[in-house]
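The feature Zn(2+) binding site is assigned by Swiss-Prot to 24, 27, 40, 43.
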């Protein structure tokens with residue numbers, strides 16, 4: 001419930017732009033959010049393994 005409330009709180013436009021922070025669009029996690037995708041590293045990894053994100057694949061060398 002708390003995470004849901006924080007997601008709603010993050011959607012509101014703050015009075016000052018410096019108070020804005022990124023939050024994952026899928027799970028609501030506030031840390032390690034990739035700006036390009038708008039999702040956290042955990043969700044990004046999961047979606048990449050499923051092949052849901054076009055052009056993104058796991059690196060191997």
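Note that Cβ sites are derived from N, Cα and C of the backbone, with glycine treated the same way.
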Using DSSP with the three-state reduction, classify residue 43 (Zn(2+) binding site) as helix, strand or coil.
helix
With every protein chain in view, what's the tally of Cβ atoms within 10 Å of the Cβ of residue 24 (Zn(2+) binding site), excluding that atom itself?
23
Name them in sequence order: residues not among 24, 27, 40, 43 whose Cβ is within 8 Å of the mean position of the Cβ atoms defining the Zn(2+) site.
25, 26, 28, 29, 33, 39, 41, 42, 44
What's the most sparsely packed of the binding-site residues 27, 40, 43, counting other C-beta atoms within 10 A?
27
